[in-house]
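S.K.: Below are the features listed in TrEMBL for this protein:
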- 1-13: compositional bias 'Low complexity' (COMPBIAS)
- 1-107: region 'Disordered' (REGION)
- 27-45: compositional bias 'Basic and acidic residues' (COMPBIAS)
- 84-93: compositional bias 'Low complexity' (COMPBIAS)
- 218-358: domain 'Nrap protein' (DOMAIN)
- 364-503: domain 'Nrap protein' (DOMAIN)
- 507-667: domain 'Nrap protein' (DOMAIN)
- 682-884: domain 'Nrap protein' (DOMAIN)
- 886-1041: domain 'Nrap protein' (DOMAIN)
- 1043-1176: domain 'Nrap protein' (DOMAIN)
Amino acid sequence: MGSGARRAAGRAAPHAVTGLHVGGGHGGERRRVRVGGDRGADPSRTEPCCAVFSSQNSPEVAEEAEQGSESPAGGAVRRGKRTAPAAAAPQPAKLSRAELYKPPTSEELTQLKETEDLFHSSLLRLQIEELLKEVTLKEKKKKKIDAFLHEINSLLSAIPETPETELTDQAWLSKDVKVPFLQVPFNVKGRFRFVPPAELKVVGSYLLGTCIRPEINVDIAVTMPREIFQDKDNLNQRYHRKRALYLSHIAQHLSKEKLFGSVKFAYMNSNHLKPILLLRPQGKDEKIVTVRLHACPCSDLFKLSRFFPTKNNVRTAWFMEQSTPKEGATEPPTPHYNNSILCDTVMLSHLHFLSNAATDFPGMKDGLALLKVWLNQRQLSKGLGCFSGFLVSMLVAYLLMKRRIVKMMSGYQVLRSTLQFLATTDLSVAGISLAKDADPSLPVLDDFHQAFEVVFVDPSGLVNLCADMTASKYHQVQFEARRSMEILDDRMVDGFQVLLMTKKPMLRTFDHVFHLKHVSKLQGTCKKMQLLNELMDRGGNYVAAALPFIVSLLARGLSQRAELVAHSLPQVPEWPIDAEPPKHKDVGPLTFGLLFVPEFAASMLEKGPQADHPEALEFRTFWGEKSELRRFQDGSICEAVVWEASTACQKRLIPEQIIRHLLKLHADIPESSICYTGALLEAVIRTGKEAGGTGEEAMVSVVCSYDDLSRKLWNLKELPLTVTAVQGVHPALRYTDVFPPIPMKPVYSFHNRSKHFLLPSGEKPCPAYITPLRIICHMEGSGQWPQDKGAIKRIKAAFHLQLAELLQQQHQLVCRPAVTHTDVYKDGYVFRLQVAYHREPLILKEVVTPEGMRKYQDTEESRQLELETLHLPHLTSSLHGLQQLHPVFGSTSRLAKRWISAQLLSDSISEECVDLLVAFLFLHPAPFTPPSSPQVGFLRFLNLLATFDWKNNPLIVNLNTGLTDSDCTEIKNKFVAARSHLPVMFLATPKDQWSSMWTRERPSAQILQRLVLLASESLRALEEQLMDPLGDQDVKMVFRPPLDFYDVLIHLNPNQIPRLLESVDRPVKSVFRGVVKNSSAVNILFPVVDYDPVQLYLHELRNAFDDLALFFYDKHGGEVIAVLWKPLGFQPQHFKVSSMRGRKVTTLNNELVCVPNVEAILEDFEILGEGLVKSVEARTEKWTI
């Protein structure tokens, strides 16, 4: 694609901006109010920038970098590394009064005006300036690079000539160098000798000053002398082989020089026809620069008309190794082959063209740096058919030529204009050309469209710069540009952070991802699809030949369901000069990403044309035996394909069925070669043994039963006060209960009986856990309600009794009233009704001062009641609404909670808090789109936990878009002012802007720090597994907690764990727990509700040993309680009779002190949990004092 040398002008590594921490926020405040050129102080010296650059950094460093400069929860995630104290901050220069109040200069006024018009804030401007400083090459490095280039220059001109030999006779080459070219077929006519280069020119981004760190590439065009070429070298890869031999001879000589740290070969943008030579300096400078040598012919060597896209330069008889060509056969055009030779001839003219565009245009350099960072973060700038730095430079030059960009523009305006152009122009339909005057002898755009999927013609009118790009890849660039323009125009989003600082790996960008494990299978595809001409054109590269056809096949099959079908770019790593060049299959697995249209992704029907229409045949051919005739309700008889799927989770996987079917049918790719990783994680929230759904259907039936019950409560007769509102507060009623309740009926013989209800039996295993679904019943106000809190409680108890009685009389429901609630058994579920009176929280707040004055203040009791009866119902209904908009919200939240519980931390962070974190991903997805599969939602949840700056920012969850731009700003400002008094994890919602009620008590700073660390490790491990289709994909690994961190493990008896079947690794044999599935039972004895012996045991442990230890447990069937000693509890204390609980007396420095009696405490653990505890294992000796 495009001209070899400069195509990747300054492509940065995927890590390009991994760890940039841009000193915008604080830096801005230290300047004078004027944003413009500050004459007193140096405006560049705002805040010392912490930049971690290295594509080969250790994982810890990279991770630290990604955490930003401040790691969450006080920086302890950094694994014990301490950064050096920052140098003393630069002091602002002292200015005289006259200087300070001087009117702004015209230049400063222009800058202020620009900032106001173009950037949303001066902060964005500062951030961009900071980023540009980070990525541009420093002068000191430039000097080193220039010296290195001079030495290379003198070495290249001193390489000796070689005698002329046949092209196929390569015995003159040393054994230490292998030709960097796949010579298939080997026999070819032509002769070769080496003559030193005619000239050497530096081309590409280095000269233009547009290359960006951390990966500095300098491209040198090595012009091969005219005398080594013969007539007809344009045919049958002769030119390409001479080029490869020329580079081999150079490599052989340079590899002996002490100057180089490494001499290697690589393919230019992974194109097998285009090897290049990579040179890196010796010693510690090796990382500074990679010099890339491109061999190219002199510009007038070939007659250019031979390389038009319609011409043939590879003969079929030669490629197929036949002795004589078939008679009368016409040769197919070879546009990609022709383009690859033309690229080499126009290298220098492209450099002149770009340098003309860049003169007197400082904004171009900045704009290109920003665009390259933007492409790197989206993984679009490397590999075969990438959108390289060179290509984006040519695009900016095109926009300049068309006056879409003017030389007055700043870098940010160049970025915006280019993204706007990409978002609105489809080069796969209407190509563009840089050729100024229409020369009638040159090919027209239509010729290029016939030969290539994406068309962007260079100034010569001959080279297609996008030759290797697939239409799918361009559509992905277009989609990203559209999304980025929306983000830049949205004032609620921090555009800089989202567009330029956030990586978008495929796994977190696309809803489903699948891999083609063995790319060698594409050889069969080329046969099946009859792609011989494409193979000849691509020099035998079956991956490049088949890929566009595979992608368009999938795009057609998923046309209704997927907004985007994208593929990874085939990439070949560099290799040592003494190794054989990589084969086509060495690109490794190919990855495809699908971005769904949520409304249609899970549709079970593909409706085709009517049976008697001519398109019906085409439909049948496309879908094969899956297509059948069906009669529809409107009477029409059409071709249709129906996919098998009964549960929501199976419906989400219909695209997998389509992909496997189409690739087998049309591309001859067996199912075993496809590794579909779209829904691997959902196994951990599957319920029951049968491979059924993931609980969505169970949740729907709970909600239906609840709706029916609330109607019955509304219409109850004979109640003294009517029910004004019925509100559910249980997670199942907002679709986020990890394991939703299943309708149950108790088996009497398994339990002990009381008069009206059942009790657990001592001899049998613990009965199944039945969760009570909490519902708040608001009663109408009336003057009869008492004004005393004790009296209100008694009235509520009377209501609970009356509700039970009336539900039993009027609706025959089995009820069990209690003082604080009434349990109702209905449809196999147990609902727990709780009566609420709207003035009760106010009455609880009332206190009488010693002077007899009444005043109102929040008490713990009033807060708790408000939370339960006011805030929780409101949150539940908001999230219920969110589920209706985004059907995978519930499953994502359940995966997140299952992971937190599996890490033994479910008691350390509230369920509502996790629900809100997940809601944030759906309401504020930028730079992504809202998730359409639970797995991608979960990966983004881990990323949010691991990378959000909890210390310096509030997380604003804008439910029902209840907050405006100004509200958000106010929340942020108040947060900064009051940071020290606020919870470590601060969540703001429209109904709770200042108190962060869901995180007020928990998590603590230490737990948050642990969560952040676990999230970043889990994300790393998961992404590695999901992107490695050839490895072991046991994704449950991140749901198995590391236990070596704890001091004591209490192992439990599985028979007494009621929720054992919910564990990550389910037991092979399950114990009968005294219930059978039944949703129609009436008139039964009341089952055992909310009975979980482990939770009761934990409650006792925490009450007894709270000052000495922390207890952790996975409430979903965990078989172990992990204990961590508190260091403070183990400090010797003065002997006091009152503080002797769990301690023993000993002498220390002739003084009586008490220390914890660990042996006795461990014994107490066993005694307290008799029958439940299997064994207590002391793991560490941390308590020895």
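Even glycines carry a Cβ here, placed using N, Cα and C.
Since this is a predicted model, take the numbers as computed values, not measurements.
Could you place these features in context, so I can see how deep they sit and what lies close by?
M.R.: When DSSP labels each residue, the domain 'Nrap protein' (364-503) comes out as 73 helix, 5 strand, 62 coil, counted as helix, strand and coil in that order.
The average pLDDT for the domain 'Nrap protein' (507-667) in the predicted structure is 91.
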S.K.: Pairs of Cβ atoms less than 8 Å apart decide it: which stretch in 218-358, 682-884, 886-1041, 1043-1176 has the most with the domain 'Nrap protein' (507-667)?
M.R.: 218-358
S.K.: DSSP on the domain 'Nrap protein' (218-358): how many residues come out helix, how many strand, how many coil?
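M.R.: With helix first, then strand, then coil, the domain 'Nrap protein' (218-358) has 59 helix, 28 strand, 54 coil.
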